[in-house]
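Let me begin by presenting the structure, written as structure tokens, before commenting on it.
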Amino acid sequence: MKTLLLTLVVVTIVCLDFGHTMICYNQQSSQPPTTTTCSEGQCYKQRWRDHRGWRTERGCGCPKAIPEVKLNCCKTDRCNG
């Protein structure tokens, strides 16, 4: 019985992951919203204008800022919508 209880506790801890992952949007520009699970603990959204108009890129992590690109990095689930 103790072994079963210990196994359940371990499985629960592994499944919960204690918040080390988060959910980020990862669709590009006008694509339908999609999400992914990120282990980096951050999401980003960057926007820039080109000959087609405003372009948007979303994903995990926080890339290095580039001139003329609006970059927003954040640390909560789905914060890069």
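Here the Cβ of each residue, glycine as well, is placed from N, Cα and C on the backbone.
The annotation disulfide bond is assigned in Swiss-Prot to C24-C43, C38-C60, C62-C73, C74-C79 on the grounds of similarity to another entry. Taken from Swiss-Prot, the feature signal peptide applies to 1-21. For R52, R55, the entry in Swiss-Prot reads site 'May be critical for toxicity', with the evidence type similarity to another entry.
All features noted in Swiss-Prot, drawn onto the structure.
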residue	record	DSSP class
C24	disulfide bond	strand
C38	disulfide bond	strand
C43	disulfide bond	strand
R52	site 'May be critical for toxicity'	coil
C60	disulfide bond	strand
C73	disulfide bond	strand
C79	disulfide bond	coil
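Residue pair C74 (disulfide bond) / R55 (site 'May be critical for toxicity') shows a Cα separation of 19 Å.
Counting every protein chain shown, the Cβ of R52 (site 'May be critical for toxicity') has 7 other Cβ atoms within 10 Å. Taking the Cα of C73 (disulfide bond) as the reference point, the closest of the recorded positions C24, C38, C43, R55, C79 is C43. The distance from the Cα of R52 (site 'May be critical for toxicity') to the Cα of C62 (disulfide bond) comes to 25 Å.
Using a 10 angstroms CA-CA radius around C79 (disulfide bond), none of the recorded positions in C38, R55, C60, C62 qualify.
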